[in-house]
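As structure tokens, the structure follows; a few thoughts come after it.
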Amino acid sequence: QFSPNLSFSAFFPIITFTTATMGFQKIKVANPIVEMDGDEMTRIIWKYIKDKLIFPFVELDIKYFDLGLPYRDETNDKVTVESAEATLKYNVAIKCATITPDEARVKEFGLKSMWRSPNGTIRNILNGTVFREPIICKNIPRLIPGWTKPICIGRHAFGDQYRATDSVIKGPGKLKLVFVPEGQGETTDLEVYNFTGEGGVALAMYNTDESIRSFAEASMAVALEKKWPLYLSTKNTILKKYDGRFKDIFQEVYEAGWKSKYEAAGIWYEHRLIDDMVAYALKSEGGYVWACKNYDGDVQSDFLAQGFGSLGLMTSVLVCPDGKTIEAEAAHGTVTRHFRVHQKGGETSTNSIASIFAWTRGLAHRAKLDDNATLLDFTEKLEAACIGVVESGKMTKDLALILHGSKLSREHYLNTEEFIDAVAAELKTKISA
């Protein structure tokens with residue numbers, strides 16, 4: 001389902017760089033990347049990013065999948081599955097934000113079905129862990145000013161409350177948890193609670209050793225790559241067996257494959273109680289990876305985003321347990337409100353930084369897999385150009401609002417395209433330096 005016309009020949013003539021012509025030698029990339037296009041305002045931004053910040057400098061073989069809602073509907077969501085399978089094949093995917101349809105969207109687009117979240121589908125196929133990390137600009141005030149370094153949060157995106165079975169209990173009676181083993185073996189029959197009054201509520205949830213182990217491997221790999229310490233948070237003092245299993249598996253994985261590497265890198269792995277960890281996070285300066293169980297990761301990633309200032313400055317990378325397959329995207333949605341203005345021909349000022357960083361993080365991973373130092377250098381220069389532009393006072397409206405508050409006026413910010421043009425100009429300066 002990808003478009004072959006987006007695959008550029010590896011035998012493209014080399015353009016040598018000269019300051020006189022401002023021509024750039026395009027960086028050759030040996031292996032393909034998977035591109036997943038998206039919806040609404042982020043789809044508009046996505047094209048600007050490719051045309052102004054990526055294609056003029058990098059010669060890419062792109063396996064293109066259109067994950068825009070109309071095409072997902074046309075293919076009965078097969079395109080989403082195919083894009084995830086291609087990611088497993090090529091190891092690097094870069095994804096634009098997409099709509100997860102609700103009833104209103106089914107009506108708006110005339111959909112055949114209320115298709116599932118593309119992120120959920122992709123996550124299940126890749127069996128990955130989602131890592132979110134803020135982009136820090138020195139001049140954008142943070143709600144928690146002590147956070148001078150990023151905190152990268154890894155959320156175990158499987159099981160627990162999100163795959164649980166819950167029930168309302170009507171009246172008195174016994175609640176039991178029963179496990180029936182396959183084949184031989186005795187049934188385990190645990191009495192949970194004896195309801196005597198009007199009843200109440202009950203919940204049964206689970207996780208698997210395989211999934212916890214994958215989560216541990218991905219977390220260890222990310223922390224080592226960043227050369228930051230790793231913390232796992234649980235409540236094993238209360239859930240001695242359930243959370244205790246997370247603690248034990250992480251420790252096993254660490255000692256079996258990572259301890260010597262961590263010691264050589266001067267970093268460490270440590271288990272912490274979730275309440276201690278939240279208190280530590282609040283008073284720390286940042287600079288670590290925080291591995292969270294599913295629910296904790298859901299809550300704490302939003303707490304971090306707000307503390308650092310903005311979801312518009314938050315990257316999201318799905319890391320697979322093989323350590324070499326990733327999918328990079330922005331942590332925010334499709335910016336529908338701005339898209340409605342754009343549809344009417346109005347001016348928008350949409351923050352493209354997290355979408356640009358989806359490209360840089362994806363390409364940086366491709367560079368590491370291919371041992372392509374030139375490509376890695378390009379991604380670092382593009383990230384520095386983004387941050388440099390904001391720190392020089394040129395930014396989109398959302399960031400200007402954090403800076404100027406009620407005194408905000410039009411001269412304080414650039415529109416959507418002007419901001420990307422400013423980043424492109426800064427990038428060219430950095431490349432030709």
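Cβ atoms are placed via backbone N, Cα and C, with glycine included.
Here is what Swiss-Prot records for this protein:
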BINDING   Thr98, Ile99, Thr100, Arg105, Lys283, Gly333, Thr334, Val335, Thr336, Arg337, His338, Asn351  NADP(+) binding site
BINDING   Thr100, Ser117, Pro118, Asn119, Gly120, Thr121, Ile122, Arg123, Arg132, Arg155  substrate binding site
BINDING   Asp275, Asp298  Mn(2+) binding site
SITE      Tyr162  site 'Critical for catalysis'
SITE      Lys235  site 'Critical for catalysis'
TRANSIT   1-21  transit peptide
Sequence gap of 6 or more, C-beta under 8 Å: which same-chain residues meet both conditions with respect to Pro118 (substrate binding site)?
Met36, Leu67, Arg72, Thr80, Thr98, Thr100
Spatially speaking, which of the recorded positions Gly120, Tyr162, Lys283, Thr334, His338 is closest to Asp275 (Mn(2+) binding site)? Use C-alpha to C-alpha, please.
Lys283
In three-state DSSP terms, the structure that Arg132 (substrate binding site) belongs to
strand
Among Thr100, Ser117, Pro118, Asn119, Gly120, Thr121, Ile122, Arg123, Arg132, Arg155, the annotated substrate contacts, find the widest CA pair distance and round it to a whole Å.
20
Listed recorded positions (Arg132, Lys235), ranked by Cβ neighbours within 10 Å, top entry
Arg132
Quick one: of Lys283, His338, which of the binding-site residues has the smallest count of other CB atoms within 10 A?
Lys283
Long-range Cβ environment of Thr334 (NADP(+) binding site), under 8 Å and at least 6 residues apart
Gly38, Asp39, Glu40, Met41, Thr42, Arg43, Ala97, Thr98, Ile99
Top Cα neighbour of Lys235 (site 'Critical for catalysis') in the set of binding-site residues Gly120, Arg132, Lys283, Asp298, Thr336:
Asp298
Return only the integer: C-alpha distance in Å from Ile122 (substrate binding site) to Lys283 (NADP(+) binding site).
35
Span of Thr98, Ile99, Thr100, Arg105, Lys283, Gly333, Thr334, Val335, Thr336, Arg337, His338, Asn351 around NADP(+) - largest C-alpha separation, Å
42
On a C-alpha basis, identify the one among Gly120, Arg132, Tyr162 that is nearest to Lys283 (NADP(+) binding site); the candidates are the recorded positions.
Arg132
Provide the three-state secondary structure of Lys235 (site 'Critical for catalysis') computed with DSSP.
coil
